[in-house]
Amino acid sequence: MAITEPELSAVAPPSDLAVVADSSHDERWRITGGSPIRGEVRSAGAKNAVTKELVATLLTDEPCTFTNVPRIGEMDATLPMLAQLGTKYEWVDEHTLTLHTPEITGQISEEYSGINRIPILFMGPLLNRIGEAEVPLVGGCTIGPRPVDYHVEGLRAMGAEIDISPHRFRATTDRLVGTRHRLPYPSVGATENLILAAVTARGTTVIENAAMEPEVVDLVLFLQKMGANIAVDIDRRIVIQGVERLGGATHRVIEDRIEIASYAAAAVATGGDIEVIGAQQEHLLTFLNALRRVGGNFEVHDRGIRFWAEGPLIAHHLETDVHPGFMTDWQQPFVVLLTQADGPSVVHETVYENRFGYTSTLARMGANISLTSQCLGSRTCRFANRDFSHSAVITGPTPLQPTDLVIPDLRAGFAYVLAALIAEGTSTLHDIGYLKRGYEDIPGKLGQMGVKVEELGGDDA
């Protein structure tokens, strides 16, 4: 792909006032970087799979058990909502969780408004179990509007009456009815919501232009174990024949392909050599291709995947897309990796319109990054002519300087971790709650790979 004089805007470093947090109150990590990471780490269960599968347990009054459950903040946010609905849960061991909802209520209080995007997914199971649902507005990372129109339109097509207030969604139905519904865009959340609504609805539901991410398929596999009748076609079509009831099931959560890619990028960017135990090649095909093109190496074996780098890294052009394309959540660590590649690289973000905000901090560390609203990819995306800076040109290699880093959201947070690993010296990360929400024990796992990470409280200097 040739770049023909795009209108680029150099990313300006933020002012110090914009990036320094109130260190007297926040929990922080101090990372010493500048050395290759080496060692072995075990991948965690996927955040984006397990939280949806927890919601699915509401569809039965029988117990369900999950293994390979990650111990992350998103679990701590989701389990209390389930408990409020009537779910009893127990940690059997560190990564095994049993849930049981013999009796159920239909309302989640507004105290959970804005915490994450799980509340709206409760609507389908609640409508199927008791015919009503009242849930707060959704939250999650600040990476774009992420409208819920697709969810609401799909549920209404199945017979739900939905009222939307400034703070809540309220839905009622005599019974959900199967329908044929085409999503305007293969949204993961909307696809999952319609699946959860359709499995015990009356009749057949056909979801066209559905998301096919591995986490969606894992949800389907769990529901099938519960007794659901679901067929997944290769043309983005999911066909669901509603059943009268679902039973309990035991399920192993798939590995977190975002975490795996994050540590792989860190190994290659620092010139390191690591092995990620449990990594699954089939969920990383597009990432592995991109990693190889920039000069990274990998070796797949029975235990997982080894990642390492030899020699200089090579500039690369890529664009994010829905699965099986290059995942939007791989974009941030890959951009940091590209700051160490020789020459101009291009990243075209086509999934979310506001996902390069973190690059201003990378510029403050020394990265050479320019943004443009033009589509610098192989195709024109849905953000064309909409004045969103959704393409980036990264020119490297550039050394990165250690600094204080305030984490703005989950995935940008790991980009800052990776930048701190590259920078020679000590960087301090603030607002690490975002990272804890989606990554399991980063200090411990980095420590296993030879990185010095100090965990600091508000009173520590």
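The chain as shown is numbered from 1 upward.
Glycine too: its Cβ is placed from the backbone N, Cα and C atoms.
The domain 'Enolpyruvate transferase' annotation in TrEMBL covers 32-446.
There are 22 other Cβ atoms within 10 Å of the Cβ belonging to Asn48 (phosphoenolpyruvate binding site). TrEMBL lists Lys47, Asn48 with the feature phosphoenolpyruvate binding site.
For Arg117, Asp329, Val351, the entry in TrEMBL reads UDP-N-acetyl-alpha-D-glucosamine binding site. In this view, Asp329 (UDP-N-acetyl-alpha-D-glucosamine binding site) is surrounded by 23 other Cβ atoms within 10 Å of its Cβ, with every protein chain counted. A helical conformation is recorded for Asp329 (UDP-N-acetyl-alpha-D-glucosamine binding site) in the three-state DSSP classification.
Residues or ranges marked as 2-(S-cysteinyl)pyruvic acid O-phosphothioketal by TrEMBL: Cys141.
Per TrEMBL, the feature active site, proton donor maps to Cys141.
Taking the binding-site residues Lys47, Arg117 in turn and counting surrounding C-beta atoms within 10 angstroms, the largest count is reached at Lys47. For Val351 (UDP-N-acetyl-alpha-D-glucosamine binding site), the Cβ neighbour count at a 10 Å cut-off comes to 25, with all displayed protein chains included. When the alpha carbons of Val351 (UDP-N-acetyl-alpha-D-glucosamine binding site) and Lys47 (phosphoenolpyruvate binding site) are compared, the span between them is 19 angstrom.
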